[in-house]
């Protein structure tokens, strides 16, 4: 394909109609270098001001030389370029988060409203297959979106309908680490896909077709349920369990950066069914608020965050909090380590007591206020006591009492341990 063909596609799709400034994520690979060439050549036709952004991951000897070459390229094209260096322990997830945080900083600094990436159809196939193998939710198998609004910016992926073989061979940098199978995506690209294509030579097309079909269903359900107020629990619970799940998943699409896991989604469902009033952080700066027959999910305001005085601990993580070291699923060594059976399926909330708190003991629900009175706990200790909560229920009041589930229930639900060590403040 020729460059004008790509321009015509961009114009037909109207990718940049709403944008005057766009930031291009420039890695130096063939796909991003060709996208740079098309966008820089046709800035006038597309009516955009182009800004370049590059992250030097510092993982290869060639990285610094490539950075210098990209600076030269930007200077020759008379385009601004912003560069940041990755630091810390490297992983695919950390590098991705670092890149997108940096790109958003560049956009704020320059006033750009669009972030353009060079993801193409081959990336889409790899992404869908990765998510399928990991067992992600069905709606995420639609893959990467062509256009995606996140807050006040729009991410545009104009190459998503093209394969890498559609791009002409132009000057670019080859990342030799892509040939290694250390990372999951590389194993998908180098090993799994070639084997699957032996069984079905059109396997890539089949995967893309499934992704598009799931996207169609997702959009259709959103349109058909547009007049249903999912936040009205009386209305939501009037439908079958299956329909409730689908409606709730569609509702969660309103929050693209929330990304609940299956276990977290199940936890939200359980809270909506079992709690009359509830207010807790759930993930990525969002909180779930339930008041009788109504609920909502919204961003936590700084004031609300301070009032909650709460920490959320995820599986395989540790945190020092209020004089204790909490380790979720990672054993601690020592003679004074407290161990509490918990589930690895969802996060743990560590907080202070709230009005209406209840602990289940011997199958009976007991208000914390009454428990503290019965145990003659001093007021100062009541106010400083740390509550450990999971699945919306109190698991333990640290150093005071625990939820003594039956042995069978413990075996069924509790499949890991929260380790707690007293430390100097």
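For all residues, glycine too, the Cβ spot is worked out from N, Cα and C.
Listed in Swiss-Prot:
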type	residues	note
BINDING	27, 28, 29, 30, 31, 32	ATP binding site
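Distribution of Swiss-Prot features across the structure.
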residue	record	Cβ contacts under 8 Å, 6 or more apart
27	ATP binding site	54, 55, 118
28	ATP binding site	54, 66, 69, 70, 172, 173
29	ATP binding site	118, 172, 173, 174, 175
30	ATP binding site	164, 167, 169, 170, 172
31	ATP binding site	118, 119, 120, 159, 164, 167
32	ATP binding site	24, 25, 26, 117, 118
What other residues of the same chain, not counting 27, 28, 29, 30, 31, 32, have a CB atom within 8 A of the CB centroid of the ATP site?
26, 33, 34, 35, 118, 172, 173
Provide the three-state secondary structure of residue 30 (ATP binding site) computed with DSSP.
helix
